[in-house]
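The structure follows.
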Amino acid sequence: MGKGHALSDGVIKKILLSYTYVAIWIFLSFTVIVYNKYILDKKLYNWPYPITLTMIHMAFCSSLAIILIKVFKIVEPVSMSRDTYLRSVVPIGALYSLSLWLSNSAYIYLSVSFIQMLKALMPVAVYSIGVLLKKESFKSRTMTNMLSISFGVAIAAYGEAKFDVWGVVLQLGAVAFEATRLVLIQILLTSKGINLNPITSLYYVAPCCLVFLSVPWIFVEFPVLKETSSFHFDFVIFGTNSVCAFALNLAVFLLVGKTSALTMNVAGVVKDWLLIAFSWSVIKDTVTPLNLFGYGLAFLGVGYYNHCKLQALKAKDATQKKVQASGDEEAGKLLEERESEVVAGKRNESQD
């Protein structure tokens, strides 16, 4: 009786911890998105320099990752040759810098709610690029689902009250670059047995991003900042914003490490709905019924996509267990045969 009660307590504790990790990730992701919008929006903090903001994040995250790995030795750096770094990490860093630059730029032109609706296209982009790069196999049922997601987002875009073409182009570009980065991580890193957690990812990728971002920054934002004599670096605003960005990376590590990537996808859907509600009720962004109807369709498509991924993972896991079980059974039979041979040999010796 006591043993069963202890087991029940253990299960409850595990469930509570999982929900805690989900809640932390949702809170930090929510905070970073709203904070970035606050800084970049001309009607709020009025600091429309997305490249500079992203560079501040990358400089802070690089420094902290180096300290955590080199000084405190919290995690071990991955053994990686110079050639592997140049061929694998640098392209991923370039794509990541473009994705962050464009997604942060979109906050200047679009509402938080509409950006979250456009982000529903991420599974479409990841699957399409995966098929093009031969990482995913083409399936008509999956592509039909991708088209339904795209159709839902198109309806949401049509119903957007403050539609801005340039803002949409920036956000779609960010989705495309991020999707390509995710597929290339599988091709260039995971396939080679290189697995990076968020701290080691920042350690290797953030400095690379900083270098790539410095090129457009010199030509696009530096001349404007130079002329703005009234500008002063607000350590409180940019410091806390950078801390939130770094904490979000750690939260991803906790969430995926302690639960699963699928849990993160489901939590992401919850976060998107919360952001839409926050954008409408607090920031006072206009959310139309057509917005919600379109995003609702896209949401169903994304939900079905996650369900299919879960079923595929379960099927793969079941196959692996079946292969392992059959292997164990064969090993057992061989062991029995050898034992019987040994026994027979001993009998023959005793008879002689």
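Including glycine, each Cβ sits where the backbone N, Cα and C put it.
Not my notes, these are from TrEMBL:
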COMPBIAS  330-352  compositional bias 'Basic and acidic residues'
REGION    324-352  region 'Disordered'
TRANSMEM  16-35  transmembrane segment
TRANSMEM  47-72  transmembrane segment
TRANSMEM  84-102  transmembrane segment
TRANSMEM  108-130  transmembrane segment
TRANSMEM  165-189  transmembrane segment
TRANSMEM  201-219  transmembrane segment
TRANSMEM  231-255  transmembrane segment
TRANSMEM  262-283  transmembrane segment
TRANSMEM  289-306  transmembrane segment
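I would like each feature placed in context: is it buried or exposed, what are its neighbours, and how far apart are things?
Away from its own ends, the transmembrane segment (16-35) comes close to residues 112, 240-241, 244-245, 247-248, 251-252, 254-255, 258-259, 263-264, 267-268, 270-271, 274-275, 278 of its chain (Cβ-Cβ under 8 Å, at least six residues beyond either end).
Long-range contacts of the transmembrane segment (84-102) within the same chain: residues 50-51, 54, 57-58, 170-171, 173-174, 177-178, 180-181, 184-185, 188-189, 192, 194, 204-205, 208-209, 212-213, 216, each at least 6 residues beyond the stretch ends and with a Cβ under 8 Å from a Cβ of the stretch.
Long-range contacts of the transmembrane segment (231-255) within the same chain, counting only residues at least 6 positions beyond its ends with a Cβ under 8 Å from a Cβ of the stretch, are 21-22, 24-25, 28-29, 31-32, 35-36, 39, 45, 53, 56-57, 60-61, 64, 197-199, 201-202, 225, 263-264, 267.
The list of residues near the transmembrane segment (262-283) in space but at least 6 beyond its ends in sequence, with Cβ under 8 angstroms from a Cβ of it, reads 18, 22, 25-26, 29-30, 33-34, 37, 111-113, 116-117, 119-120, 252, 255-256, 292, 295, 299, 302-303, 306, 309-310, 313.
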Go through 47-72, 108-130, 165-189, 201-219 and flag the stretch with the largest number of C-beta pairs under 8 Å relative to the transmembrane segment (289-306).
108-130
Counting CB pairs under 8 Å, which listed stretch among 108-130, 165-189, 201-219 touches the transmembrane segment (47-72) the most?
201-219
Short question: which residues 6 or more past the ends of the transmembrane segment (165-189) have a Cβ under 8 Å from it?
87-89, 91-92, 95-96, 98-103, 105-106, 108-110, 115, 118-119, 121-122, 125-126, 128-130, 133, 135, 157, 195-196
